Amino acid sequence: MRLQFILGEVVNGLRRNSTMALSVVLVTFVSLTFVGAAALIQMQIDQLKDDWYGKVEISIFLCPENSRNERCAEGAVTADQEESIRGVLEDGALQDLVQEVFYESREEAYEKFVANDEDGIWSSLTPDQMQPSFRVKLSDPEQFQVVADATEGLPGVDVVQDQREIFSELFRFLNAATLIAAALAGVMLLAAMLLITTTIRLSALSRRRETQIMRMVGSSRSLIQMPFMLEGAVAATAGALLAVGGLYFGVRYLVEDWLRGSVTWVQYIGAQDVWAVAPWLMVIAVGLAAIASLVTLGRYTRA
Amino acid sequence: MIRLDNVTKVYKRGARPALDGVSVEIERGDFVFLVGSSGSGKSTFLKLVLREERPTGGDVYVAGRHLNKLSAWRVPHLRREIGAVFQDFRLLPNKTVYQNVAFALQVIGKNRHHIQSTVPEMLELVGLSGKERRMPHELSGGEQQRVAIARAFVNHPPILLCDEPTGNLDPGTSVGIMRLLDRINRTGTTVLMATHDDEIVDQMRKRVIELKGGQLVRDQDRGVYGLERV
C-alpha cells in the first residue's frame, strides 16, 4: 500500500511538474557528461602513461669524435670511461632505480639508423660518425632526474636525454583539458543541484494540502518526504543515464571507430571504460538529489 | 486524556504570552468547549495538544504522553491518536469523498482490505452513504464538514479536536454537525471543540473552558457561552 502510494505520488508529481523535471534531466545530463568526460580523459592519460612510460628509456649519449660539446673536449669516450659509467648505473647508488642497461655501440647505432633510412639520404654516413650510448630502463620512470643528475657530468658523457619529455607536453594538454572539463562539470553540477532544489520546492508547495493532511493524520515524516526525494532522484538518474549513453556513443564512434582508425599508434580507452565510470555518475546523480532534498524538505514538510 | 500544567506559551521573546499559566485537565470521554474571543489563546491551546507548538513553560500531557519530552519522530504516533477538524474543512479537491477519507488511512500504512471495510462504515456514520464518488465541490458546506469529520475519525482516535467546525456553516447545518460530534463523543471519544458559536454552546450544555488574554478565566460543567447570560 505504501509503496503503491509513494510511486503514485512520484508519477503524479513528475507529471504535474513535467517541464521542471525535464530541465533537471537535461542539466544533470550535461553536467554528468562533463564529469564523465573528465574521468575518461584521466583514464586515457593513465593508459598512455602506462603504455609509453613502460617503453621509454633514458639515453645516455657518450662522447663521439670531434664533438663540439665542452664535456667531450678530451675526445671520444674511452673503454675505461664506458666501464665506469656502467658501474655507476649497475652497481652504485642507482642500482635500485635502474631496471636494465643496454649498450648501443657505434656500429649498432649505425645499423639501426640505416635500417630506418629507407630513402638513402644518409648513406654517406659512416659508423665512426655515430654516437655510442647507454639505454637505461628505469624501474620507476618518474625517477628520471635522479639518474640524470648522477650520470650527467661523468667523464665521457655527452648528453642525457629523457624520452618522456616528448610526451610531457601532450600530457600537460590533456591534464588541462581534464581541468576544464572538471571545472565546467562543477559549475553545471551546482546548477543541477539548485534546479533540483527548486523543483522539489515547487513540488512540495503544489502539494502542501496533501502534506498538511498527512502530517495531521500522523503519517511518518519519511512517507511524507519520500515522494519528493524520489522525484528528484528519478529525474537526476534519468539525466545520468543519458550522460552514460552520450559518453558511450562518444567513445564508441569518436574514439573506437574514428581515432583508432586514423591515429593507430595510441592505445585508446574503450566502451568498457565508460561502463567503469557509469556507476559513479549514478552515485553522483543520486547524491546530488539527496543533498538537494535535505536542504529543501526540512523546511517545506516539517513534522 | 489531555492535561496542561501551568502552561505558558510565548511566540516572540518579550511579546505578550499567547497562553499564560494555564492548568486544565480533560478526562477520557469528556466533551469540552473551548471558548474565548479571537486572540484569547484557543488556537495555541489546540496547537500545543497537537504538538505543532511546544510550550515555553509548564507541561503538556496528551494520551499518556508527556509532549515536552516527545521526540520529533514519535510525533506521528501522537497524531494518530488525535483526529482534527477545521473550519475550512481541508479536503483534497481532486479526490472523491471516498478517496479523501481513505487517504487518511493510506498514509498511515493501513492495508487495502482494512480501508475497503472501514471507509464505507465511516461514511455511513456521518450520513454520507451514496455520495462516495462525489467530489468535494459538488457537496454543500455541511456535507464537506462531514467528510472532514469522517476523515478525522476513520482511524478511531481517542481524541477529536475541532477548531471552529461550524464557523463556515449556517445554524441549521451546524446543529447537524453538533449531533454528529455528540454521537462520536458517546462512543467514548474525547471531544475538544474551540468555538465562537454561542448558540451551540448554550444548547449543548457541556463543560466550558474559557480563555481570555491567554489566561483560564472559567472552567464550568454544563456551562454556557458567556457568563453574563446566565
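Easy rule for this one: first residue shown is 1, then count along the chain.
Backbone N, Cα and C define each Cβ position, glycine as well.
Residues annotated as domain 'FtsX extracellular' in TrEMBL: A:56-160.
Per TrEMBL, the feature domain 'ABC3 transporter permease C-terminal' maps to A:184-296.
Here the transmembrane segment (A:21-45) has long-range neighbours at 14, 171, 174-175, 177-178, 181-182, 184-185, 188-189, 191-192, 195-196, 199, 231-232, 235-236, 238-240, 242-244, 246-247, 250-251, 268-269, 273-274, 276-278, 280-281, 284-285, 288, meaning same-chain residues at least 6 beyond its ends whose C-beta is under 8 angstroms from one of its own. Residues or ranges marked as transmembrane segment by TrEMBL: A:21-45 (among others).
Under 8 Å from some Cβ of the transmembrane segment (A:179-202) lie the Cβ atoms of residues 17, 20-21, 23-24, 27-28, 30-32, 34-35, 37-38, 41, 228-229, 231-232, 235-236, 239, 284, 288-289, 291-293, 295-297, 300, all in the same chain and six or more residues away from its ends. The feature transmembrane segment is assigned by TrEMBL to A:179-202 (among others).
Long-range contacts of the transmembrane segment (A:223-254) within the same chain: residues 2, 5-6, 9-10, 13-14, 17, 21, 24-33, 35-37, 40, 192, 196, 199-200, 203-204, 211, 214-215, 269-271, 273-274, 277-278, 281-282, 284-286, 288-290, 292-293, 296-297, 301, 303, each at least 6 residues beyond the stretch ends and with a Cβ under 8 Å from a Cβ of the stretch. The transmembrane segment annotation in TrEMBL covers A:223-254 (among others).
Panel annotation: around the transmembrane segment (A:274-297), residues 28, 32, 35-36, 39-40, 43, 189, 192-193, 196-197, 200-201, 204, 225, 228-229, 232-233, 235-237, 239-240, 243-244, 247-248, 251 of the same chain, lying at least six beyond its termini, place a Cβ under 8 Å from a Cβ of the stretch. The annotation transmembrane segment is assigned in TrEMBL to A:274-297 (among others).
With helix defined as DSSP H, G or I and strand as E or B, the domain 'FtsX extracellular' (A:56-160) counts 44 helix, 22 strand, 39 coil.
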